[in-house]
Structures are given as structure tokens and as C-alpha cells.
Amino acid sequence: QEAEREVPVECGPGCADAEPLATAGPCVWPRCGRRRRIANPHMRAFWASALALCLGTAGWLALAPLFAVVRVDLGLCDNDAALRRLPEGERVAACACGEACKATMWNANIAAGLLDILTRFLLQSAIERLGPARMNCTLLSLGALAVALSAAIQDATQLLVVRFFISCLASTALVSNFWSATMFSTSTAGRATITAAGWGDLGGGLVQAFMPIAYSMLHDGAGVSLAASWRLPMVVIAALCAVLAAWTIICTQDTAEGRLDMASSAKARRAGYVKVITDWRVALLVGQNSACSGAKFVLYNILVSHCMDAFGLDLVAAGVLAMCFGGVGFLTKLLLGVVSEKLQTRWTMQGRLWVHFLALYFQAICLFGFGCLDGSTGGWPLALVVLVCLSACA
């Protein structure tokens with residue numbers, strides 16, 4: 001019942017405490033509290049949104065690091081007939097991915113963003129009706145189903161379909177932003193939001209290495225067939241998303257008081273949608289977010305395949321290189337959240353705008369530099385340096 005929901009005694013409706021970790025001597029653990037005790041519902045909301053972003057991004061991008069394997073298993077390579085006569089261990093390296101094969105991969109990457117775009121237009125009203133906890137649970141459950149079904153695809157059409165539906169997991173980012181705004185005070189909501197976003201980068205980076213390593217262990221180490229070796233890790237990620245969805249609905253709440261009630265909230269008095277999207281400042285932020293998130297999305301989807309083709313790396317090494325891109329993004333977001341708040345305190349909004357400008361400017365330089373690299377112009381060591389700088393800006 002609603003009376004059983006908890007309120008943090010030290011914070012009130014908008015908590016000013018955004019410290020996600022607790023320490024005792026050398027031990028560190030997440031600050032979560034327990035559901036039916038007066039302890040930290042705001043931090044459970046933070047961890048629910050951060051882990052949803054982490055696993056949601058991992059599920060969203062899980063197929064991308066193994067495209068070099070998937071295209072062989074689905075028969076998309078131009079020399080598919082010749083590949084079938086080779087031992088399974090030699091097929092991935094021998095695949096000749098021509099125009100038709102590359103077009104299928106690009107179409108799959110495009111499909112992986114379409115549902116996310118659609119849901120972001122509709123999700124605000126859905127969050128206000130269901131609340132962020134139920135909305136995150138819904139997205140994770142649907143995403144887990146789509147990720148699990150992706151382990152059963154047999155052709156290019158099915159690949160496009162599952163990539164389309166998996167992209168609903170990317171919308172957990174919008175739920176995270178909303179949840180932080182309702183659970184934390186204005187002084188700490190920004191830090192909570194950007195820290196949770198860093199966990200999204202961490203999930204995107206970890207999956208770049210996890211999928212190739214899991215495939216290599218199953219196929220090369222345990223002798224599992226090529227088809228099963230890339231499908232089994234997809235089931236693991238789907239199971240993790242399902243477990244997190246269950247924990248979210250059982251152990252979290254929308255606000256410090258319990259269920260979200262937009263009718264009694266000041267945020268319910270929002271401007272009309274047309275008025276918002278016609279504001280030039282909103283249009284500027286849309287363009288900036290499109291540039292940053294769009295570039296990152298493209299890189300996550302092609303990075304492993306690109307490193308294999310351009311730098312001659314094997315699947316696992318390319319995955320580890322791609323993981324560094326996401327890992328650095330996680331660390332820099334933790335730092336930039338604090339820096340942005342300090343600049344806001346010192347120079348008001350102008351301080352945040354300088355952070356935005358410098359990050360976007362240097363991201364453009366790093367993107368251009370990375371595009372100029374291949375095996376003859378610096379190789380993977382220089383590419384790693386550029387990727388680290390790019391991730392710090394994006």
C-alpha cells in the first residue's frame with residue numbers, strides 16, 4: 001500500500017544528496033537502502049536508472065560487436081558458398097562483405113535507431129501516466145524479449161526486425177533524465193543525471209568486449225558451433241535485463257512520496273509541445289545532442305568491424321579497443337558532472353555553455369582525426385589515443 005512507501009527523513013521531496021556509493025574502511029558498496037525501511041529511495045531510483053541505462057545500452061548494442069560473425073552465420077557474405085566449405089574457425093576471416101552485405105549491415109544499424117526516435121516523441125506522456133519506475137520496467141521487459149528473440153534470427157529480414165524493436169532499450173535514457181529531475185533537488189539533479197548517463201557509456205563499452213570474448217570462449221575454447229556461440233551471450237544479456245526489470249518494479253518508487261502524481265506537481269504546468277520545439281534554444285540543444293549522441297551511436301555500431309578491417313585486429317582485440325571508448329566516457333561523465341556544476345555556481349549558465357561548446361568543438365576534431373587513421377597512418381595505438389580523446393568530449 002502507499003503507506004508502506006518510504007520517505008527519506010533527511011531529504012524531503014527533492015533530495016539534495018546524490019552520493020551513490022557508501023564506504024566503510026576499504027569496502028565500497030551502492031547506497032540503496034531497503035524498500036520497507038526509511039532509507040534512501042532516491043538512491044535506489046538512481047541505481048535503477050543507472051543500471052537500466054547500462055544494461056539497456058548493452059542490450060541495444062549487443063549485436064554490433066559480432067556483426068563480423070553474424071553476417072557469416074546468416075549467409076550475407078558475397079562468397080557464402082565458398083565459406084560453407086571452409087572449417088568454421090576460418091569463415092569469419094575469409095568473409096568477403098561486398099556492397100549488398102554492407103548495405104544490410106547499415107540498414108540494420110539504421111533500424112536500431114528508428115523505434116528509439118519514435119518512443120522519445122511519445123514517452124513523456126507515457127512516463128507521466130505510468131511513472132518512471134513502471135516505464136523503465138516496461139522498456140526493459142520489452143527490450144529483454146527483443147534481445148532474446150535476436151538469438152533466433154535466421155536471415156537479413158529478421159535481423160532488421162529485431163534491431164528495430166531492440167532500440168526501445170535506448171529510451172531508458174529519457175526515463176533516467178525524468179526520474180532524476182523528480183527525485184533530486186535542482187542542485188544535484190544534473191550530477192545524478194550525467195552520472196547515470198556515464199553508466200550508459202559503461203554498458204556500451206563493456207558489451208563491445210564482452211560479446212567477442214564470450215564468443216571466443218564458447219567457439220574457440222569450448223568448441224561450441226559458430227551459430228550457438230554468438231546467440232548464447234544474447235540470452236545472457238536478455239536475462240539480466242529481465243532481472244533488473246523485476247527489481248525495479250519491486251524495490252523502487254517514482255518520487256520520495258511514492259507514486260508520481262503529475263496533477264499535483266509543479267512540473268505538470270508545462271509549456272505546449274509546439275511552443276517548446278519552436279524555442280531556438282531547444283532547437284540548439286536538439287542539434288547538439290544529435291551531433292554528440294548520433295556520432296557515438298554510429299561509432300558503437302561500427303567500431304569493432306572498422307578496427308578489424310582498418311587495423312587488422314582480431315575480433316577480441318578490436319572489442320577491447322572499442323571498450324576503451326565507452327569506459328573513458330563513463331569516467332569523464334563523472335568528472336564533467338562535477339565540473340559543470342562548479343562552473344554553473346561560478347559563472348551561472350554561461351559556464352555550462354562553455355563546457356558544451358568546448359566538448360562539441362574537440363569532438364569534431366577527434367572525429368576527423370579518427371577518420372584519417374588506418375594501418376598505414378598510425379595504426380591502432382594512435383587510434384586508441386584519438387578514441388580516448390573523442391570519448392572524453394562526447
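Yeah, the Cβs are placed from backbone N, Cα and C, and that goes for glycine too.
The structure displayed is predicted, hence computed values, not measured ones.
According to TrEMBL, the protein carries these features:
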- 45-70: transmembrane segment (TRANSMEM)
- 133-153: transmembrane segment (TRANSMEM)
- 160-179: transmembrane segment (TRANSMEM)
- 199-218: transmembrane segment (TRANSMEM)
- 230-250: transmembrane segment (TRANSMEM)
- 315-339: transmembrane segment (TRANSMEM)
- 351-371: transmembrane segment (TRANSMEM)
Pairs of Cβ atoms less than 8 Å apart decide it: which stretch in 133-153, 160-179, 315-339 has the most with the transmembrane segment (230-250)? 133-153
Do any residues of this chain, six or more beyond the ends of the transmembrane segment (199-218), have a C-beta under 8 angstroms from a C-beta of it, and if so which? 50-51, 53-58, 60-62, 64-66, 69, 172-173, 176, 224, 228-230, 232-233, 236-237, 296, 300, 303-304, 315-316, 318-320, 322-330, 333, 391
